[in-house]
Amino acid sequence: MASSIDSHMTESTADSESESFSLTDDEIINSILDILARTAPEIRNGLPGRRVKTNEENPSGESPMEADVFADELLRNRLGSLDGIGEYASEERSSADDTGSGLSVCIDPLDGSSNLKSNAAMGTIAAVYDAPLPARGSDLVAAAYVLYGATTTMIAAVEGNVADYVIYQDGSYEPIEQEVRVPSEPTVYGFGGRVPNWPRDFNSFVSDIESDTSMKLRYGGAMVGDVNQVLTYGGIFGYPALTNAPSGKLRVQFEGYPIGYIIECAGGASSDGSQSLLAVESNDIHDRTPVYVGTPSLVERLEGALAGKADSE
């Protein structure tokens, strides 16, 4: 039977010579992950009746879907009431909510919510910082994302370890892989943004990737789904700086830091084009950054291409 993350991380398996896998002994982090997992079926069940836009405007100047607001409020209520959480911030809120004292949590409640209409994959991203917001990448103590795909799963990263969980309809869950690693041989790629707005050096890099017959395009319009392809099969995902958006589209605190942390904990690499995503400076919770993550050899090639090196392979 499935049980809580805390029990999966700490209990001994009676019929096994080895102890069960443990991400952390920190009870607060375990509780955060537990809430994310147990809330996932409620978010998923709430999607069908919330597939239209609201009349509101979020900090990005966009009209969120009703599902975005629903997921945000649900997670705010659950996480904000947890002892040991000092701040709750989300992409849908202009500023962080003061919830007491302790860790800071940044949430992208429904990454890829534009996929609701086409019924494609989407997810929830969480970053946990041991510092006030806006935090630094070095302040991360845990990160996770829930993927609402054919099944509901959660990738969780803590202390250099990454585990994959399947989440059942009743909110229970169990690990399906306890030491997730980015495959060393890349096979998939996916890049966001309109092609006419790609910088020339990035466009050239993409052309080189596309000419490799061993590589397959996997892009679905929700970063968590595309990143999960890379985490599963090896490869590269990127949302570049654009000619009309030099800082890119994705947000440092909600997407860049946590996804970079997860991929690096799994043995992959992350970059903003010249350095690790975890080294990016952020002075506002809604700061943006270009995002590139994946197999280290490809991320290194990308950085070389963006630096104008003639031979980045």
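Using the three backbone atoms N, Cα and C, a Cβ is placed for every residue, glycine included.
Per Swiss-Prot, the features are:
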COMPBIAS  1-13  compositional bias 'Polar residues'
REGION    1-23  region 'Disordered'
COMPBIAS  14-23  compositional bias 'Acidic residues'
BINDING   E91, D108, L110  Mg(2+) 1 binding site
BINDING   D108, D111, E255  Mg(2+) 2 binding site
BINDING   D111, G112, S113, S114, Y219, K249  substrate binding site
Residues near G112 (substrate binding site) in space but at least six apart in sequence (CB under 8 A): A120, A121, M122, G123, G220, G221, A222, M223, V224, G225
Inter-residue C-alpha distance, S113 (substrate binding site) and E91 (Mg(2+) 1 binding site) (nearest angstrom): 12
Site of maximum Cβ density within 10 Å, from binding-site residues E91, D111, S114: D111
K249 (substrate binding site) and L110 (Mg(2+) 1 binding site), Cα-Cα, nearest whole angstrom: 16
Which of L110, Y219, K249, E255, all binding-site residues, has a Cβ with the fewest other Cβ atoms inside 10 Å: Y219
Collapsed DSSP category at S114 (substrate binding site): helix
Residue pair D111 (Mg(2+) 2 binding site), E91 (Mg(2+) 1 binding site) - Cα distance, angstrom, rounded: 10
